[in-house]
Every structure is written in C-alpha cells, then in structure tokens.
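Down below is the structure, laid out as structure tokens.
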C-alpha cells in the first residue's frame with residue numbers, strides 16, 4: 001500500500017500533588033481536567049474539530065486519538081497537537097482548583113508506566129488490505145516489533161531486587177502475548193480485534209500496542225515510518241529470512257534490558273541473533289526494497305537514514321550520534337549527566353523523578369521540552385503547524401469531512417453525533433452519512449448535510 005492511513009492513540013498518566021504529596025485521586029484530577037470538555041460536549045468522550053477523539057479511558061487516563069493521517073510527518077504533527085490540547089486542559093484544571101481553594105500542581109505524563117507498576121499504552125494503527133494473509137503479516141512483523149524498541153523505546157529506570165537498571169522500553173515488562181484480541185488483560189504485541197473503521201471487505205486495521213509513547217518527534221517518525229516500510233515489503237511479497245522468535249515475550253524483556261543491543265535471543269529455528277542483527281536484517285531489506293521500487297520521498301529517506309544511523313551508533317557504542325533524536329538515548333544521557341554531577345546511583349529517588357519529569361507535557365516544566373528549548377531535541381513538526389493541528393483536520397483524509405461537519409454543527413448550535421465512520425444530525429430527520437472510505441476527503445453527501453444546517 002503506497003498510501004496508507006495512520007493513527008496514534010496515546011493514554012496519559014495523571015496526578016495532582018502539593019509539596020510532593022498526592023493531593024487528589026486520579027479520578028478527581030480527571031474530572032477537573034475534563035470539566036471544560038464535558039461542559040460543551042456533554043460527555044467525556046468527544047470528537048474535536050480537528051477530527052481527533054479525546055476521551056477518558058479506563059483507570060482515569062485521558063486518551064487522545066489522532067485524526068486519520070496519510071503521511072507520517074502529518075501524524076507526528078497531530079500527535080503533538082493532542083499534547084498541546086491536553087496541556088491546555090491541564091492549565092485550565094489548575095486554575096479551577098486554585099479558584100476553589102485547592103492548592104496543587106496538575107501533571108500529565110506522556111509515558112507508559114506509573115509508580116504502582118500499572119501500564120497504559122500508545123497504540124499505533126495502520127490500515128492494511130483485507131486480502132492479505134494476516135497470520136503471515138503477524139509472523140514477519142513480531143520479530144521486527146520485539147526488536148524495534150532499540151529504535152523507539154522511551155527508556156525507563158526499572159527497580160529490580162538487585163537494584164535499579166536502565167531499560168530501553170517502558171512497555172516491554174507489560175506485554176504478555178504475541179497476538180490476541182485483548183488490550184488490557186493480556187497485552188499482546190499485535191491486537192487482532194477486527195474493527196477496521198472502514199470498509200471491512202477491503203481493509204483491516206493493524207493495531208500495534210507494543211510501542212512506547214514518544215516525546216521525541218524524530219523517534220515517533222522512525223517508529224511509524226520503519227513499520228510502514230516493513231508492512232509495504234510484506235504486502236509486496238518480499239521474501240524475508242525466517243526470524244521467528246522461540247519466545248517473543250521473553251525476548252522482548254531481554255532486548256529491553258540490554259542497551260547495547262548485543263544480547264542474543266533464541267529463534268524458533270534454534271539459531272540465536274541479537275536485536276541489532278534482527279533490526280539490521282529488516283533495515284537492509286528496506287533499503288534494497290526502496291531502491292528497487294524507486295521510493296524516494298523526503299520522509300522515507302529521513303526514516304532510512306535515521307534507522308541506519310541508530311543501528312550504527314548502538315553497535316559502535318557511540319550514542320552521541322543519536323543523542324538528540326532517540327528518546328531512550330536522550331533520557332539516558334540526561335540521567336547519566338545528573339548522576340555524575342551529584343554522584344548518585346541509578347536507584348536514587350531523584351533519578352526516578354527525572355525519569356518521570358522527562359515525560360511531563362507542560363512545556364515550561366517538562367525535561368524533554370527543556371532539551372527542545374536548548375536545541376538538544378531534533379524536530380519533525382513545527383510549532384505553527386502543531387498549533388493549526390489543534391483545530392484544523394488533515395485535508396487529504398476522511399478526518400476533513402468529520403472536522404468540517406463538527407465545526408459547522410457547533411457554529412450552528414446543532415445537536416450531532418459522530419464516530420469514526422458516521423456523521424449524524426440529531427434532528428427529526430436523523431440524517432446520517434456513513435463514510436466508509438478513510439482516504440476520501442471530499443463527499444457530496446457530507447457537503448449536502450453541512451449546507452443544510
């Protein structure tokens with residue numbers, strides 16, 4: 001598929017503290033956060049003018065699902081726009097709390113684990129053709145996804161009985177299956193629940209729940225861009241070496257616990273290979289595939305360049321070469337500088353605090369944004385485009401139809417209901433339009449519905 005629909009869903013961790021102590025329960029904080037949303041949307045589950053969905057997920061985690069995007073750079077922009085929307089809710093919630101005499105700071109963390117060991121996710125969505133063999137897709141994809149954390153892990157200080165260790169991925173400890181239809185109970189690598197949000201005869205939605213949430217725009221670009229290239233190769237029938245893992249769940253933890261990428265994992269064939277070797281295999285295939293097919297877009301070239309350079313840097317143990325572009329490396333360097341300066345072990349509570357503060361989405365407070373201000377975080381999006389993305393949908397996908405419909409209905413104060421595929425006016429006629437093609441950004445039926453308001 002040369003043109004693909006992408007979407008990202010990020011759940012955020014939430015807390016409210018006063019002088020270091022927890023002030024409100026997550027449920028209470030979430031209520032304050034969503035008060036403004038509920039006041040205009042009459043619900044804590046709403047679609048926005050930019051085509052995105054914002055809602056309160058299980059366990060009081062705010063979740064933002066980007067609108068449908070058909071290129072990875074735009075996806076990164078819209079994911080960051082979601083961050084900004086939530087930052088706005090955070091500022092609003094703090095103001096309301098102070099007005100009610102409750103002193104405290106509200107924090108939203110774009111990470112995947114809390115101090116109690118709970119995990120919440122970053123889900124990636126890729127539209128794939130229905131006619132392909134899904135089991136073959138999963139077989140080729142799983143070794144890639146298990147080792148992909150070397151490219152796009154968010155990094156984590158993991159407390160173990162033998163002291164704290166730095167891991168590549170936050171999510172790796174919480175994955176229990178390879179392929180499954182559950183997302184919370186068993187946490188698979190690929191979720192098979194078949195909800196295409198599109199014409200089910202033509203498409204299915206590949207739902208990857210193994211990845212970490214990313215603060216870094218370049219890491220996000222690499223994560224989704226490399227996965228897209230692997231999918232394109234599978235769809236084109238590219239012959240791949242069998243890299244099936246003997247035990248993907250053990251392997252994902254082994255890879256996460258080794259920042260050198262050299263630790264060998266067992267393959268089903270009885271051979272052993274390191275995460276670097278597995279990734280190198282996919283990378284070289286992707287380079288060859290793009291050359292043979294003449295795939296030469298700026299995004300693809302940037303993805304391939306960063307993918308190769310990341311593998312080279314890890315192999316050479318020269319992480320400075322990717323020190324502004326890969327989340328787990330950026331955080332690791334930050335922690336190592338701090339530890340050296342204050343002569344601390346990895347187990348020190350201050351180190352855990354810095355680990356968390358990297359993911360604080362408040363731009364005046366979060367450590368990732370401190371790096372960005374200092375020019376130590378490479379960019380993909382720009383601030384103007386991100387600001388636009390808060391209210392303007394992508395113009396080349398179905399999200400445009402949804403966003404335009406919502407904008408018009410709100411301006412006309414009309415009661416409406418929308419989801420990913422339906423647009424409905426709640427009037428006597430109950431007029432509804434079903435939009436099954438996520439690639440279509442122009443539709444006479446929708447225009448008629450909008451014009452009739």
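Yeah, the Cβs are placed from backbone N, Cα and C, and that goes for glycine too.
Quick caveat, the model's predicted, so the values are computed rather than measured.
Marked as Mg(2+) binding site by Swiss-Prot: 9, 55, 63. Residues near residue 9 (Mg(2+) binding site) in space but far in sequence (CB under 8 A, at least 6 apart, same chain), listed by position: 63, 64, 65, 66, 121, 122, 123, 125.
Under the heading ATP binding site, Swiss-Prot lists 53, 66, 420, citing sequence analysis as support. Of all Cβ atoms in the shown protein chains, 21 besides its own fall within 10 Å of the Cβ of residue 420 (ATP binding site).
Residues annotated as active site, proton acceptor in Swiss-Prot: 57. Residues near residue 57 (active site, proton acceptor) in space but far in sequence (CB under 8 A, at least 6 apart, same chain), listed by position: 11, 63, 120.
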Any further residue of that chain within 8 Å (Cβ to the Cβ centroid of 9, 55, 63) of the recorded Mg(2+) site: 10, 11, 53, 54, 57, 61, 62, 64, 65
Rounded to the nearest Å - Cα separation of residue 55 (Mg(2+) binding site) and residue 420 (ATP binding site): 14
Residue 55 (Mg(2+) binding site) CB neighbourhood, other CB atoms within 10 A: 18
Assigned conformation of residue 9 (Mg(2+) binding site) - DSSP reduced to three states: strand
Other C-beta atoms that fall within 10 angstroms of the C-beta of residue 63 (Mg(2+) binding site): 20
